[in-house]
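Student: The structure's right below; bear with me while I get my questions together.
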Ligand code: ADP
Ligand code: MG
């Protein structure tokens, strides 16, 4: 092998198993949710009737997608063993989509191979119903990460009622909606709630023990026997449990830890690799959340970063604001009032990029906030200056 590549087989037995796309073939930690989905939602299918509509919700990384995929595959196996039942399942992620129009276009593309993007909404939906009608039998559409399209959107109302509304005949469409966002459900249009949420299934966050058994099963398949220590698995589970309780996060830590071990030509993944991996993954997450900020949020962050380089943090809001106006006078952007910059700083605090500490004794006796960076300085500067954004104000930031 050349110097450009590395043989990682001393660490990884089957690296694919650590990838996001891998669907596990058992989820004992979700027994309760799987039972409800099977017994209360999907069972009618085996009697040649459409399943109930359902809504699965919980924070990211709680096995919602994995559970739905797993059980629908199981259902298909059961159906295949019987004759006379015609079941089609369609998985559609709404990630990156902001409206049902885009989702409907994707569905048409999945069904016909042709994306109607650009056509009027009415036409797109007509094509969708035609395509569904072609299939006939029982159709289950899983709309994953459905919170992306907003809860005022009527697709959640329309699809489950397609038959009642005469869009399709002699067949049934059931919808399983999956959401990462708990408030999505609360704010859902009552009519959509009515038709979609016949059964609601909550996926509560995993605790450290559950994450540990998830990682145990996965790592036994993915890593070479004894290439990963018990301690490393326990640490990855504990770190993820303390943070979001997300299995996705725990698996990422362990995968990255394995990669660090492989890069160092070590034969075992140990706790130190997991710690390094956690740090790395969290920096990547922060970088992504900085990229996703609005311009005004980024400018407020830039102002604080610039104060941080001069050891002038924690800084009170007026000082951050004064730095902010210096910066906006150099870039082609409107500046906004101090009150709004303060509110941007609070938003940045919410996502963990900065932290604001309240101190008493503001000029009018109210609390006064002191702000500081909560992220690695280099990561912040590197991300803010990607694609040459803000490079002309970079000179204002003296790197330490
Ligand atoms: P969600 O859809 O809730 O965000 P996913 O279903 O995508 O979460 O799960 C995230 C990752 O964790 C996936 O790689 C999935 O295979 C894995 N996972 C989640 N729960 C379990 C479980 N109980 N057993 C095994 N793997 C799991
Ligand atoms: Mg998911």
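Positions of Cβ are set from backbone N, Cα and C atoms, glycine also.
Sharing the record's features from TrEMBL:
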type	residues	note
DOMAIN	50-205	domain 'AAA+ ATPase'
BINDING	206, 218	ATP binding site
DOMAIN	301-384	domain 'Cdc6 C-terminal'
Student: According to DSSP, which of helix, strand or coil covers residue 206 (ATP binding site)?
Tutor: coil
Student: Near residue 206 (ATP binding site), which residues of its chain come within a Cβ-Cβ distance under 8 Å, counting only those 6 or more away in sequence?
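Tutor: For residue 206 (ATP binding site), the qualifying residues are 29, 62, 63, 214, 241, 245, 246, 247.
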Student: DSSP says what for the domain 'Cdc6 C-terminal' (301-384): how many helix, strand, coil residues?
Tutor: 42 helix, 14 strand, 28 coil
Student: If I restrict to non-local contacts, at least six residues apart, and a C-beta distance under 8 angstroms, what lies near residue 218 (ATP binding site) in its own chain?
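Tutor: 17, 18, 24, 251, 254 - these are the non-local Cβ neighbours of residue 218 (ATP binding site), listed in sequence order.
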Student: Helix, strand or coil: which one is residue 218 (ATP binding site) in, per DSSP?
Tutor: helix
